[in-house]
Amino acid sequence: MDKVQHVILVLSGKGGVGKSSVTTQLALSLHDSKVYSRPLKTGILDIDLTGPSIPRMFGKDAERNRIHQSSAGWVPVYTDETKEIGLMSLGFLLTSKNDSVVWRGPKKAAMIRQFISDVSWGELDFLIIDTPPGTGDEHLTIVESLLSETSTVRDVPIDGAVIVTTPQGIATLDVQKEIDFCKKASIKILGIVENMSGYICPHCADCTNIFSSGGGLTLSEKYKLPFLGSVPIDPKFGEMIENLTPDSNIVHLYSKTEMSKKFSFITNEFLNQLYGPRKLDTITTISGHTGRLWSVAAHPMLPLFATSSQDKSVRIYNSNTYNLVHVIDGFHTRSIRRVAWRPIERPVLAVASFDSVVSINEKIDDDWECTAALEGHENEVKCIAWSCNGNYLATCSRDKSVWIWEATEDDEFDCLAVLQEHTQDVKVVTWHPTEDLLVSGSYDNSICFWRDDGDDWALTCQLQGHTNTVWALAFSPNGNTLASADNDGNVFLWIKISSNEDVATIDSTNILRPALQEEWKQQTSLPHIHKGAVYTISWMNDATLCSAGGDGKIVVYQREKHDEALWHVAYEQDHAHGVYEINSLEYLRDDRLLSGGDDGECRVWSFK
């Protein structure tokens with residue numbers, strides 16, 4: 001149990017309500033959940049000792065799927081060769097599936113303790129325990145055994161319970177006793193599922209009530225518990241279960257059913273309750289620009305942020321009061337695509353324009369002055385970024401080049417390098433937060449890494465993982481992870497390989513020879529939520545990232561504590577700027593989020 005991350009009980013209080021069916025569908029739905037960055041590793045522990053149904057629900061039996069021992073304990077029966085869903089049930093230990101279990105309480109308790117302590121699950125994201133009906137000794141033994149086995153590795157032995165009922169009053173009456181049991185045992189109830197809420201006609205797909213309706217919802221309202229959803233009786237789902245064989249791939253078969261689509265909503269509600277409700281609240285909306293807003297940028301040290309626009313102006317605001325501090329305009333002749341604050345303790349702002357010029361603006365005394373104009377690009381400047389100590393400024397352009405400028409002691413700027421490895425428009429540049437490592441992304445779908453090798457700035461790594469334009473790049477605050485986003489709506493996470501052994505064992509996307517300095521690999525792909533290009537990404541902290549783009553949606557992702565490569569969608573904010581696209585996101589230091597869109601507005605959000 002030391003490698004099991006979440007433990008969930010499925011309870012009913014009454015037999016015959018389809019608890020094992022809900023357990024099965026919850027496990028299958030979690031495995032294929034779209035809110036995670038990979039399929040989840042899930043275990044099902046069937047502790048309904050006198051009526052073990054889980055083997056049959058997965059098309060397994062004791063004749064062909066016997067439990068065997070390893071040095072670590074009992075090895076589960078897996079649904080397929082991926083070993084992503086494991087099963088443990090007394091049904092696998094009986095000589096015949098027709099054998100009855102006629103045991104007294106002490107023997108049942110001993111079997112439950114052995115199931116909890118002796119099964120070698122390996123690394124599991126979720127362990128779902130299918131419990132027997134009622135609130136008797138078996139339930140107490142489950143809770144006590146989990147507490148005993150997990151007390152040294154988990155703060156809470158059970159993450160929560162899902163309670164299953166049917167609509168009838170006789171079922172909800174018994175479920176109320178189960179609710180009281182959870183209260184006395186200090187088990188959090190994640191929600192109520194109403195099973196058998198209707199009957200789906202196999203011919204016309206209409207759903208008809210065959211019992212009373214709304215019992216589960218009424219129960220949830222009475223006890224102020226989350227209502228996860230209703231599950232109708234679908235003959236096609238029953239037919240699928242009946243036709244399963246030990247060789248059937250239930251994961252694939254279930255994903256094709258209508259029930260899987262219905263149950264995915266229940267699973268999403270379940271996850272919302274497990275992680276806690278999260279949302280983005282609008283703090284304020286800031287207007288003033290007369291064209292689309294291209295970028296937002298927060299000063300890393302001072303209470304200032306800047307916005308830039310198609311209207312050729314930059315507006316600077318106090319991030320505490322949201323009052324307008326200054327407007328920079330009149331210098332640039334075309335849209336201002338990007339602004340970036342120099343990371344020093346005075347207000348110096350770089351401004352990049354489609355007029356191919358980058359201006360450096362600084363507050364001197366009580367006024368803002370343009371102290372330098374950097375020229376050299378042949379076309380629109382698309383992005384600018386300062387190095388971690390503010391010594392270097394990188395600029396990139398539609399002319400396919402990346403320029404690196406050095407700020408001298410007298411605040412002049414010298415061009416150190418013109419990098420021309422990209423074969424198309426360069427969309428974005430960003431620097432590592434603690435090293436002089438520059439990364440660029442392009443319309444040619446590639447990501448390039450650059451370092452000063454002592455004589456010049458050299459290309460040290462080139463990644464070809466994207467199959468469309470790379471619009472956004474951002475390092476995590478600790479610098480260990482690089483996030484990238486593209487025109488297909490993908491958000492990838494990349495990590496640096498630290499040893500020669502790692503280099504030898506991965507399929508590298510670096511097209512340069514391995515002897516060069518940098519070797520990065522794709523760690524994971526975040527859940528594909530966006531329906532269109534992702535133009536902007538921003539880190540709140542090392543475990544929280546947000547993205548936005550052409551679909552007008554802001555998505556917040558969070559990393560699981562037990563697996564750095566496993567991320568889930570924490571929240572989706574649809575229509576964050578109405579019907580308009582979102583071009584820029586940036587977190588302020590206190591975790592407020594700035595967003596800028598084609599509506600010309602900057603919105604300030606709080607993530608709760």
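Cβ atoms here come from the backbone N, Cα and C positions, even for glycine.
Summarising the annotation, Swiss-Prot assigns ATP binding site to G13, K14, G15, G16, V17, G18, K19, S20 and lists sequence analysis as the type of evidence. Positions annotated as [4Fe-4S] cluster binding site by Swiss-Prot: C201, C204. Here Swiss-Prot flags 288-327 as repeat 'WD 1'. The repeat 'WD 2' annotation in Swiss-Prot covers 331-371. Taken from Swiss-Prot, the feature repeat 'WD 3' covers 376-415. Annotation source Swiss-Prot lists repeat 'WD 4' at 421-460. Sequence annotations record features per position, and here Swiss-Prot assigns repeat 'WD 5' to 465-504. The repeat 'WD 6' annotation in Swiss-Prot covers 529-567. The repeat 'WD 7' annotation in Swiss-Prot covers 576-608.
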Environment of G13, K14, G15, G16, V17, G18, K19, S20, the listed ATP site - residues of the same chain whose CB lies within 8 A of the CB centroid: S12, P133, V164, T166, A171, N195
Top Cβ-contact partner of the repeat 'WD 1' (288-327) among 376-415, 421-460, 529-567, 576-608 (pairs under 8 Å): 576-608
Among G13, G15, G16, G18 [binding-site residues], residue with fewest other Cβ within 10 Å: G16
Set of same-chain residues at least 6 away whose C-beta sits under 8 angstroms from V17 (ATP binding site): V164, T165, T166, A171, N195, M196
Winner by Cβ contact number (other Cβ atoms within 10 Å) across the binding-site residues K14, K19: K19
Which same-chain residues, if any, lie at least 6 apart from S20 (ATP binding site) yet have Cβ under 8 Å of it: D46, D48, S53, I54, M57, D130
The repeat 'WD 3' (376-415) versus listed stretches 421-460, 465-504, 529-567, 576-608: most Cβ pairs under 8 Å: 421-460
Highest-contact recorded stretch vs the repeat 'WD 7' (576-608), from 331-371, 421-460, 465-504, 529-567, CB pairs under 8 Å: 529-567
Rounded Cα separation (Å) that holds between G15 (ATP binding site) and C204 ([4Fe-4S] cluster binding site): 30
Where C204 ([4Fe-4S] cluster binding site) sits in the secondary structure, as DSSP reduces it to three classes: coil
Distant-in-sequence neighbours of the repeat 'WD 5' (465-504), which means Cβ under 8 A and at least six residues beyond its ends: 427-435, 439-443, 445-447, 514, 518-526, 528-539, 541-542, 545, 547, 549, 551, 557, 565, 567
Non-local residues, at least 6 beyond the ends, that sit with Cβ under 8 Å of the repeat 'WD 4' (421-460): 382-388, 391-392, 394-398, 400-402, 404, 466-479, 482, 484, 486, 494, 512, 516-518, 520
Least buried by Cβ count (within 10 Å) of the binding-site residues C201, C204: C204
Candidate binding-site residues G13, G16, G18, K19, pick with smallest Cα gap to C201 ([4Fe-4S] cluster binding site): G18
Spatial separation of C204 ([4Fe-4S] cluster binding site) from K19 (ATP binding site) - C-alpha basis, Å: 27
